[in-house]
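Here is what Swiss-Prot records for this protein:
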BINDING   His110, His113, Asp120, His211  Zn(2+) 1 binding site
BINDING   Asp147  Zn(2+) 2 binding site
COMPBIAS  244-262  compositional bias 'Pro residues'
DISULFID  Cys44-Cys264  disulfide bond
DISULFID  Cys187-Cys235  disulfide bond
DISULFID  Cys216-Cys223  disulfide bond
REGION    227-262  region 'Disordered'
SIGNAL    1-19  signal peptide
Amino acid sequence: MKNWIVGMVALVTMVPVMAATPWQKITHPVAGSPQSIGGFANGCVIGAQPLPLESADYQVMRSDQRRYFGHPDLLNFIHRLSAQAHQQQLGTVLIGDMAMPAGGRFSSGHASHQSGLDVDIWLQLPKQRWSQQQLLKPQPIDLVAVDGKRVIPALWQPQIESLIKLAAKDNDVTRIFVNPAIKKQLCLDAGADRQWLHKVRPWFAHRAHMHVRLRCPANSLECVDQDTPPPGDGCGAELESWFQPPPPSAKPGKTLPPPLPPSCQALLDNHFATE
(Lines of atoms letter the chains of each structure in order from A and count residues from 1; the text may use other names and numbers.)
(Lines give C-alpha, C1' and ligand atoms only; values in the text may rest on other atoms or scores of the structure.)
Protein backbone atom coordinates (compact mmCIF):
# COMPACT_ATOMS: atom_id res chain seq x y z
CA MET A 1 0.00 0.00 0.00
CA LYS A 2 2.74 2.45 1.01
CA ASN A 3 4.83 1.92 -2.12
CA TRP A 4 1.72 2.37 -4.24
CA ILE A 5 0.88 5.61 -2.41
CA VAL A 6 4.38 7.00 -2.92
CA GLY A 7 4.17 6.22 -6.62
CA MET A 8 0.84 7.94 -6.91
CA VAL A 9 2.19 11.01 -5.07
CA ALA A 10 4.75 11.29 -7.84
CA LEU A 11 2.00 11.15 -10.43
CA VAL A 12 -0.16 13.74 -8.68
CA THR A 13 2.71 16.18 -8.20
CA MET A 14 3.71 15.76 -11.82
CA VAL A 15 0.33 16.74 -13.30
CA PRO A 16 0.53 20.55 -12.84
CA VAL A 17 3.78 20.83 -14.80
CA MET A 18 2.71 18.87 -17.87
CA ALA A 19 3.10 20.69 -21.15
CA ALA A 20 0.16 22.20 -22.99
CA THR A 21 -1.90 19.62 -24.83
CA PRO A 22 -3.63 19.79 -28.22
CA TRP A 23 -6.96 18.98 -26.58
CA GLN A 24 -7.15 22.51 -25.24
CA LYS A 25 -7.24 23.82 -28.81
CA ILE A 26 -10.49 21.96 -29.54
CA THR A 27 -13.11 24.52 -28.62
CA HIS A 28 -16.29 22.64 -29.56
CA PRO A 29 -17.49 19.06 -29.03
CA VAL A 30 -16.76 16.49 -31.70
CA ALA A 31 -19.95 15.63 -33.60
CA GLY A 32 -21.26 12.13 -33.31
CA SER A 33 -23.17 9.73 -31.11
CA PRO A 34 -21.97 10.23 -27.51
CA GLN A 35 -19.04 7.92 -26.79
CA SER A 36 -16.63 7.87 -23.87
CA ILE A 37 -13.37 6.40 -25.15
CA GLY A 38 -10.44 4.97 -23.22
CA GLY A 39 -9.75 5.35 -19.54
CA PHE A 40 -10.53 8.16 -17.15
CA ALA A 41 -6.87 9.22 -17.16
CA ASN A 42 -6.18 8.51 -20.84
CA GLY A 43 -9.14 9.01 -23.11
CA CYS A 44 -11.49 11.37 -24.92
CA VAL A 45 -15.18 11.85 -25.65
CA ILE A 46 -17.24 12.15 -28.83
CA GLY A 47 -20.57 13.94 -28.77
CA ALA A 48 -19.95 15.67 -25.45
CA GLN A 49 -22.56 18.14 -24.30
CA PRO A 50 -22.13 21.39 -22.36
CA LEU A 51 -23.73 21.55 -18.95
CA PRO A 52 -26.27 24.40 -19.05
CA LEU A 53 -24.81 27.32 -17.12
CA GLU A 54 -28.22 28.43 -15.84
CA SER A 55 -30.04 26.26 -13.32
CA ALA A 56 -32.11 26.83 -10.21
CA ASP A 57 -30.37 23.92 -8.48
CA TYR A 58 -26.66 24.38 -9.25
CA GLN A 59 -24.09 26.95 -10.38
CA VAL A 60 -21.07 26.39 -12.61
CA MET A 61 -17.75 27.84 -11.50
CA ARG A 62 -14.93 29.12 -13.74
CA SER A 63 -17.04 28.82 -16.88
CA ASP A 64 -14.43 30.93 -18.70
CA GLN A 65 -12.13 27.87 -18.65
CA ARG A 66 -14.67 25.84 -20.67
CA ARG A 67 -14.35 22.69 -18.59
CA TYR A 68 -18.09 22.12 -18.29
CA PHE A 69 -18.52 19.41 -20.96
CA GLY A 70 -19.31 15.75 -20.49
CA HIS A 71 -21.05 12.63 -21.69
CA PRO A 72 -24.85 13.01 -21.43
CA ASP A 73 -24.81 10.49 -18.56
CA LEU A 74 -22.70 12.94 -16.56
CA LEU A 75 -25.05 15.83 -17.25
CA ASN A 76 -28.02 13.69 -16.24
CA PHE A 77 -26.29 12.78 -12.99
CA ILE A 78 -25.60 16.43 -12.17
CA HIS A 79 -29.24 17.30 -12.81
CA ARG A 80 -30.41 14.41 -10.60
CA LEU A 81 -28.05 15.22 -7.75
CA SER A 82 -28.70 18.95 -7.72
CA ALA A 83 -32.48 18.40 -7.88
CA GLN A 84 -32.27 16.05 -4.89
CA ALA A 85 -30.12 18.56 -3.00
CA HIS A 86 -32.66 21.28 -3.78
CA GLN A 87 -35.54 19.07 -2.64
CA GLN A 88 -33.75 18.42 0.67
CA GLN A 89 -32.92 22.14 1.02
CA LEU A 90 -29.20 21.46 1.29
CA GLY A 91 -28.21 24.60 -0.63
CA THR A 92 -26.89 25.39 -4.09
CA VAL A 93 -24.63 22.72 -5.62
CA LEU A 94 -21.36 24.21 -6.91
CA ILE A 95 -20.04 22.49 -10.04
CA GLY A 96 -16.31 22.58 -10.74
CA ASP A 97 -14.32 20.97 -13.54
CA MET A 98 -15.87 18.34 -15.77
CA ALA A 99 -14.10 17.78 -19.12
CA MET A 100 -12.99 19.87 -22.08
CA PRO A 101 -15.15 19.86 -25.25
CA ALA A 102 -13.51 16.70 -26.63
CA GLY A 103 -12.16 15.44 -23.33
CA GLY A 104 -8.50 14.55 -23.42
CA ARG A 105 -5.50 15.46 -21.34
CA PHE A 106 -5.35 18.69 -19.37
CA SER A 107 -2.15 20.72 -19.20
CA SER A 108 -2.66 21.26 -15.46
CA GLY A 109 -4.93 20.44 -12.58
CA HIS A 110 -6.06 16.91 -13.46
CA ALA A 111 -4.69 13.57 -14.54
CA SER A 112 -8.21 12.25 -15.12
CA HIS A 113 -11.42 14.01 -16.28
CA GLN A 114 -10.54 12.87 -19.82
CA SER A 115 -13.48 10.73 -20.95
CA GLY A 116 -16.40 12.96 -19.93
CA LEU A 117 -17.40 10.94 -16.86
CA ASP A 118 -15.77 12.91 -14.02
CA VAL A 119 -16.96 16.01 -12.18
CA ASP A 120 -15.64 18.00 -9.23
CA ILE A 121 -18.35 19.18 -6.85
CA TRP A 122 -17.42 21.54 -4.07
CA LEU A 123 -18.20 20.61 -0.48
CA GLN A 124 -19.95 23.83 0.35
CA LEU A 125 -23.62 24.50 -0.24
CA PRO A 126 -24.35 28.23 -0.11
CA LYS A 127 -27.87 29.28 0.77
CA GLN A 128 -27.46 32.43 -1.30
CA ARG A 129 -26.58 32.06 -4.96
CA TRP A 130 -23.12 33.30 -5.87
CA SER A 131 -22.49 36.36 -7.99
CA GLN A 132 -20.80 36.05 -11.38
CA GLN A 133 -17.59 37.39 -9.85
CA GLN A 134 -17.67 34.73 -7.13
CA LEU A 135 -18.24 32.03 -9.73
CA LEU A 136 -15.34 33.17 -11.91
CA LYS A 137 -12.94 33.40 -8.95
CA PRO A 138 -14.33 30.99 -6.37
CA GLN A 139 -12.78 30.69 -2.93
CA PRO A 140 -12.70 27.10 -1.65
CA ILE A 141 -13.19 26.22 2.00
CA ASP A 142 -10.49 23.84 3.22
CA LEU A 143 -12.35 21.42 5.49
CA VAL A 144 -9.26 19.55 6.69
CA ALA A 145 -7.13 20.47 9.69
CA VAL A 146 -3.48 21.38 9.21
CA ASP A 147 -2.32 17.98 10.50
CA GLY A 148 -4.41 16.29 7.79
CA LYS A 149 -5.92 13.82 10.25
CA ARG A 150 -9.37 15.29 10.83
CA VAL A 151 -11.88 17.76 9.51
CA ILE A 152 -12.29 21.15 11.15
CA PRO A 153 -15.43 20.80 13.31
CA ALA A 154 -16.51 24.41 12.85
CA LEU A 155 -16.54 23.95 9.06
CA TRP A 156 -18.07 20.50 8.83
CA GLN A 157 -21.79 20.62 8.10
CA PRO A 158 -24.38 17.79 8.05
CA GLN A 159 -25.38 18.99 4.58
CA ILE A 160 -21.95 18.01 3.27
CA GLU A 161 -22.40 14.40 4.35
CA SER A 162 -25.91 14.42 2.89
CA LEU A 163 -24.60 15.60 -0.49
CA ILE A 164 -21.85 12.96 -0.60
CA LYS A 165 -24.32 10.26 0.43
CA LEU A 166 -26.79 11.28 -2.28
CA ALA A 167 -24.03 11.07 -4.89
CA ALA A 168 -22.77 7.71 -3.62
CA LYS A 169 -26.24 6.18 -3.75
CA ASP A 170 -26.66 7.09 -7.43
CA ASN A 171 -26.54 3.93 -9.54
CA ASP A 172 -24.27 5.48 -12.18
CA VAL A 173 -21.59 6.51 -9.67
CA THR A 174 -18.71 4.10 -9.11
CA ARG A 175 -16.29 6.23 -7.08
CA ILE A 176 -16.17 9.44 -5.10
CA PHE A 177 -12.72 10.71 -4.16
CA VAL A 178 -12.35 12.78 -0.99
CA ASN A 179 -9.53 13.61 1.39
CA PRO A 180 -8.81 10.78 3.87
CA ALA A 181 -9.82 13.04 6.77
CA ILE A 182 -13.21 13.60 5.13
CA LYS A 183 -13.66 9.86 4.59
CA LYS A 184 -12.78 9.36 8.26
CA GLN A 185 -15.49 11.80 9.34
CA LEU A 186 -18.03 10.09 7.11
CA CYS A 187 -17.13 6.76 8.72
CA LEU A 188 -17.70 8.26 12.17
CA ASP A 189 -21.04 9.82 11.27
CA ALA A 190 -22.60 7.19 9.01
CA GLY A 191 -24.44 5.12 11.61
CA ALA A 192 -26.08 1.86 10.53
CA ASP A 193 -26.55 2.84 6.87
CA ARG A 194 -23.02 2.22 5.61
CA GLN A 195 -23.27 0.42 2.28
CA TRP A 196 -22.71 3.63 0.30
CA LEU A 197 -19.38 4.27 2.01
CA HIS A 198 -17.50 1.72 -0.11
CA LYS A 199 -17.79 4.07 -3.10
CA VAL A 200 -16.16 6.92 -1.15
CA ARG A 201 -12.41 6.53 -1.66
CA PRO A 202 -9.64 8.40 0.19
CA TRP A 203 -7.29 10.30 -2.08
CA PHE A 204 -4.64 13.00 -2.00
CA ALA A 205 -5.77 16.64 -1.73
CA HIS A 206 -9.58 16.86 -2.27
CA ARG A 207 -9.84 18.97 0.87
CA ALA A 208 -12.63 21.22 -0.41
CA HIS A 209 -14.39 19.14 -3.07
CA MET A 210 -15.44 15.65 -4.01
CA HIS A 211 -14.49 14.12 -7.33
CA VAL A 212 -17.35 11.99 -8.64
CA ARG A 213 -16.75 9.33 -11.29
CA LEU A 214 -19.41 7.49 -13.28
CA ARG A 215 -19.37 4.01 -14.77
CA CYS A 216 -18.78 3.56 -18.48
CA PRO A 217 -22.00 4.11 -20.47
CA ALA A 218 -23.50 0.92 -21.89
CA ASN A 219 -23.07 2.05 -25.51
CA SER A 220 -19.48 3.29 -25.13
CA LEU A 221 -17.76 0.12 -26.27
CA GLU A 222 -14.24 1.58 -26.13
CA CYS A 223 -14.61 2.96 -22.62
CA VAL A 224 -12.40 1.35 -19.97
CA ASP A 225 -13.93 1.04 -16.49
CA GLN A 226 -12.02 0.74 -13.25
CA ASP A 227 -12.33 -2.34 -11.09
CA THR A 228 -15.17 -2.21 -8.60
CA PRO A 229 -14.08 -0.85 -5.20
CA PRO A 230 -13.49 -3.60 -2.62
CA PRO A 231 -16.47 -4.68 -0.52
CA GLY A 232 -17.08 -3.21 2.90
CA ASP A 233 -17.24 0.38 4.07
CA GLY A 234 -13.52 1.08 3.67
CA CYS A 235 -13.28 2.46 7.19
CA GLY A 236 -10.71 0.05 8.62
CA ALA A 237 -7.01 -0.60 8.10
CA GLU A 238 -6.93 0.72 4.53
CA LEU A 239 -8.19 4.13 5.63
CA GLU A 240 -5.84 4.25 8.62
CA SER A 241 -2.86 3.58 6.35
CA TRP A 242 -3.40 7.01 4.78
CA PHE A 243 -2.55 8.67 8.08
CA GLN A 244 0.83 6.94 8.46
CA PRO A 245 4.01 8.75 7.35
CA PRO A 246 5.22 7.54 3.95
CA PRO A 247 8.60 5.80 3.77
CA PRO A 248 11.54 7.77 2.37
CA SER A 249 11.92 7.51 -1.37
CA ALA A 250 14.07 8.80 -4.19
CA LYS A 251 12.97 11.96 -5.98
CA PRO A 252 10.65 10.89 -8.81
CA GLY A 253 11.78 11.52 -12.34
CA LYS A 254 9.70 12.91 -15.15
CA THR A 255 7.44 10.45 -16.90
CA LEU A 256 5.83 10.73 -20.30
CA PRO A 257 2.06 10.34 -20.71
CA PRO A 258 0.96 6.98 -22.16
CA PRO A 259 -0.02 6.66 -25.83
CA LEU A 260 -3.57 7.70 -26.61
CA PRO A 261 -6.22 5.12 -27.46
CA PRO A 262 -6.24 4.78 -31.27
CA SER A 263 -9.70 6.34 -31.62
CA CYS A 264 -8.61 9.38 -29.62
CA GLN A 265 -5.45 9.77 -31.69
CA ALA A 266 -7.54 9.53 -34.86
CA LEU A 267 -9.90 12.17 -33.47
CA LEU A 268 -6.98 14.54 -32.94
CA ASP A 269 -5.47 13.81 -36.35
CA ASN A 270 -8.78 14.39 -38.13
CA HIS A 271 -9.51 17.59 -36.25
CA PHE A 272 -6.21 19.27 -37.00
CA ALA A 273 -6.08 17.95 -40.57
CA THR A 274 -9.29 19.84 -41.37
CA GLU A 275 -8.27 23.13 -39.77
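In case you wondered, yes, glycine gets a Cβ from its N, Cα and C as well.
Features recorded in Swiss-Prot, as mapped to the structure shown.
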residue : record                : Cβ within 10 Å
Cys44   : disulfide bond        : 30
His110  : Zn(2+) 1 binding site : 21
His113  : Zn(2+) 1 binding site : 27
Asp120  : Zn(2+) 1 binding site : 21
Asp147  : Zn(2+) 2 binding site : 8
Cys187  : disulfide bond        : 16
Cys216  : disulfide bond        : 22
Cys223  : disulfide bond        : 23
Cys235  : disulfide bond        : 18
Cys264  : disulfide bond        : 25
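In sequence order, Gly96, Asp97, Met98, Gly109, Ser112, Asp118, Val119 are the same-chain residues whose CB sits within 8 A of the CB centroid of His110, His113, Asp120, His211, the residues recorded for Zn(2+) 1 being left out.
Nearest Cα neighbour of Cys187 (disulfide bond) among the listed binding-site residues (His113, Asp120, His211): His211. Rounded to a whole number, the C-alpha distance linking Cys216 (disulfide bond) with Cys44 (disulfide bond) is 12 angstrom. DSSP assigns Cys235 (disulfide bond) to coil, not to a helix or a strand. Following the DSSP three-state reduction, the secondary structure of Cys216 (disulfide bond) is coil. Looking only at the binding-site residues His110, His113, His211, the one with its C-alpha closest to Cys235 (disulfide bond) is His211. Around His211 (Zn(2+) 1 binding site), the C-beta neighbours below 8 angstroms that are at least 6 residues distant in the chain are Ser112, Asp118, Val119, Asp120, Ile176, Phe177, Val178, Trp203. For the region 'Disordered' (227-262), the DSSP-based tally of helix, strand and coil residues reads 6 helix, 0 strand, 30 coil.
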